[in-house]
Amino acid sequence: MAEYSYVKSTKLVLKGTKAKSKKKKSKDKKRKREEDEETQLDIVGIWWTVSNFGEISGTIAIEMDKGAYIHALDNGLFTLGAPHREVDEGPSPPEQFTAVKLSDSRIALKSGYGKYLGINSDGLVVGRSDAIGPREQWEPVFQDGKMALLASNSCFIRCNEAGDIEAKNKTAGEEEMIKIRSCAERETKKKDDIPEEDKGSVKQCEINYVKKFQSFQDHKLKISKEDSKILKKARKDGFLHETLLDRRAKLKADRYCK
């Protein structure tokens with residue numbers, strides 16, 4: 001086992017070359033994976049498909065068929081709008097609603113006419129209420145990458161043969177599948193807590209801090225000539241900033257050093 005470890009740690013020319021190639025491939029795969037994630041996002045223009053309850057806020061649209069959205073009529077009823085054929089063509093103003101969160105699982109929806117969406121006694125979706133009551137509460141249901149919208153009568157919405165939007169089925173089939181699209185600014189990646197100066201190699205890190213704190217009286221960077229291995233150990237032990245400050249102090253390259 002000891003001999004095997006020794007052989008594995010020995011840097012041969014060919015092995016070293018492969019190792020670098022493997023590292024490069026690993027970075028390329030990571031970059032490609034991130035690009036694929038962006039590509040796989042279901043986006044039409046500025047309208048992207050939400051994948052969880054937390055993403056539902058502000059102006060949204062409800063897509064029931066490819067490019068076809070729930071469309072508000074001026075009589076308080078709703079129908080399925082004409083499909084938008086253009087690749088980047090999002091929902092029109094009558095197809096846009098304001099989502100209001102009521103709890104951890106329920107929302108209210110307000111049309112462009114200023115009325116809240118609810119259901120009547122016949123199970124039809126209507127938008128005639130000025131306030132949010134029990135009938136104006138909706139529950140988005142996410143399962144296996146699909147989504148449906150549950151009304152207050154415990155039925156899922158769909159578009160019937162007459163073109164009306166109704167909620168009459170207790171179970172969700174293909175006809176009840178929807179997409180909620182949002183035009184809110186999407187948070188693509190969480191920002192890390194690492195300062196920009198601390199990123200990169202220890203040598204680059206030292207240069208970053210010298211640039212940040214040096215007084216630049218002679219317009220030249222003063223970088224310590226001491227071994228950078230000290231910095232590597234300091235970073236590992238959690239004393240990088242203190243070590244960098246000491247190195248700058250020796251060169252009097254920090255305007256805050258006495």
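Placed from the backbone N, Cα and C atoms, the Cβ positions cover glycine too.
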_Listed range which Swiss-Prot flags as motif 'Bipartite nuclear localization signal', given the options 167-183, 201-217, 235-251_ = 235-251
*Using DSSP, what's the helix, strand and coil tally for the motif 'Bipartite nuclear localization signal' (235-251)?*
15 helix, 0 strand, 2 coil
